[in-house]
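Engineer: My structure is below; once you've seen it, I'll send some questions.
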Amino acid sequence: MFSNELVNKFQSLETPFYYYNVALLKETLEACQAASSKYNFHVHYALKANFDERVLQTIRSYNIGADCVSGGEVKKAIEIGFGKEKVVFAGVGKSDAEINYALDQDIFCFNVESIQELEVINDLAAKKGKTARVALRINPNVNAYTHKYITTGLEENKFGINQWEFDKVVAALRNLSNLKCLGLHFHIGSQITDLNVFKSLCIKVNEIVKWFVDRHVEISVINVGGGLGVDYYHPDTKSVVDFETYFKIFDSFLERSANQEVHFELGRALVANCGSLISRVLYVKNGQVTNFAILDAGMTELMRPALYQAYHKIENISKTSGEKTKNYDVVGPICESTDCFAKAVELPETQRGDLIAIRTAGAYGEVMASNYNLRDKVRVVYGE
Ligand code: LLP
């Protein structure tokens, strides 16, 4: 929801831009902290969802850890001031240079995705005379029931160590003396809205933790990843993210002893709702079959609809509700037919110059922007 005052302010600004509502981001972070701290859970923010400087500064000020998937993200997290002892580094293809950098920084933990990677980190740590802290990223073969492009915890996915390799991993850990295994890591997918999935995950995690503990592998950290989904259909309701229910599921179903910490890596749930992509209508084409509202933002600014057929609520914020409506295919200016935000969207009759808000775009929006068609870098505006 945008006040008239805000829309008037937007009128004078060059579009397109991401608008981040910092007050809403803070509210979300507070809700997350209130719900997670009840159980002493440790939350890391997945930088990949949004690494805008101001957004990161805000998140860091809540004393949250950082979940990184590249050397660049590790560097950014440390520069922003996330404590090194709270930085975790995941990713199926860490380069030697990235591993060396993270070793030099003494980050908290590498989430390791294969036996070969364990060997490489061990060798690189040995060369530095260091011991690397690692957690084993396990592929638990649990269905996240989300879009197939953002499912990561099935056998067919490239991520993590599969169950049939567990014996080999235990043997490898015994020989790799420059590693200290802290525990296990899981992440089964993103935009998970059926919270029963997390219950299934807990049950599987319990089994796997027990298997390793029975073989005398110390498990002091159980990292269950991220994936908590948001309600893209109702961006203005308070319950866009249900942190209370989410953390309670883990408290109820995840077996853990007093010396085991539970870690989370949330991205989308923390930042999606605070962001909107604000754009102007350049042209309206009224066709016989369909009408097009052609925006000055496209898939280069927000790729999710083109890539995953993702839904984002679209609003004409220059018009008041109650006006006569029409259906529009809302498209961008890029030379690709998939450059379409949504088809047959009911909007108040729309004109050149109207402002369009594409909601819930704070996660995996700006970070996935590209300069295809030699487009300018998308601008950012903050609201307090
Ligand atoms: N941890 C790991 C190891 C991950 O791979 C991810 C996301 C997260 C945590 C954070 O997940 P979240 O809480 O945000 O669901 N670009 C896609 C989403 C890709 C997610 C990749 N991994 C999208 O726009 O929907």
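Placed from the backbone N, Cα and C atoms, the Cβ positions cover glycine too.
Quantities reported herein were computed from a predicted structural model and do not represent experimental measurements.
What TrEMBL shows for this protein is this:
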- Cys335: active site, proton donor (ACT_SITE)
- Gly227, Glu265, Leu266, Gly267, Arg268, Tyr364: pyridoxal 5'-phosphate binding site (BINDING)
- Arg268, Arg304, Tyr308, Glu336, Tyr364: substrate binding site (BINDING)
- 31-272: domain 'Orn/DAP/Arg decarboxylase 2 N-terminal' (DOMAIN)
- Lys48: N6-(pyridoxal phosphate)lysine (MOD_RES)
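Show me how these features fit into the structure around them.
Structural biologist: Of all Cβ atoms in the protein chains displayed, 9 besides its own lie within 10 Å of the Cβ of Cys335 (active site, proton donor).
In the three-state DSSP scheme, Gly267 (pyridoxal 5'-phosphate binding site) is classed as coil.
Around the Cβ of Glu336 (substrate binding site), a 10 Å sphere holds 14 further Cβ atoms from the protein chains shown.
Confidence annotation: the domain 'Orn/DAP/Arg decarboxylase 2 N-terminal' (31-272) carries a mean pLDDT of 94 in the model.
In the three-state DSSP reading, Lys48 (N6-(pyridoxal phosphate)lysine) counts as helix. Listed in sequence order, Val69, Glu73, Gly267, Tyr364, Val367 are the same-chain residues at least 6 apart in sequence whose CB falls under 8 Å from the CB of Lys48 (N6-(pyridoxal phosphate)lysine).
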Engineer: Give me the non-local Cβ neighbours of Leu266 (pyridoxal 5'-phosphate binding site): same chain, 6+ apart in sequence, Cβ-Cβ under 8 Å, ordered along the sequence.
Structural biologist: Cys32, Val43, His44, Tyr45, Ala46, Gly226, Leu228
Engineer: Hey, for the pyridoxal 5'-phosphate site built from Gly227, Glu265, Leu266, Gly267, Arg268, Tyr364, who else sits with CB inside 8 A of the CB center?
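Structural biologist: My list of surrounding residues reads Ala46, Lys48, Ala49, Ser190, Gly226, Leu228, Ala269, Leu270, Ala363.
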Engineer: Given Arg268 (pyridoxal 5'-phosphate binding site) and Cys335 (active site, proton donor), what distance in Å do their CA atoms have, once rounded to a whole number?
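Structural biologist: With distance taken Cα to Cα, Cys335 (active site, proton donor) is 29 Å from Arg268 (pyridoxal 5'-phosphate binding site).
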Engineer: In whole Å, could you give the widest CA to CA gap in the substrate site formed by Arg268, Arg304, Tyr308, Glu336, Tyr364?
Structural biologist: 27
Engineer: Can you figure out which of Gly227, Glu265, Cys335 (the recorded positions) comes closest in space to Tyr308 (substrate binding site), comparing Cα atoms?
Structural biologist: Gly227
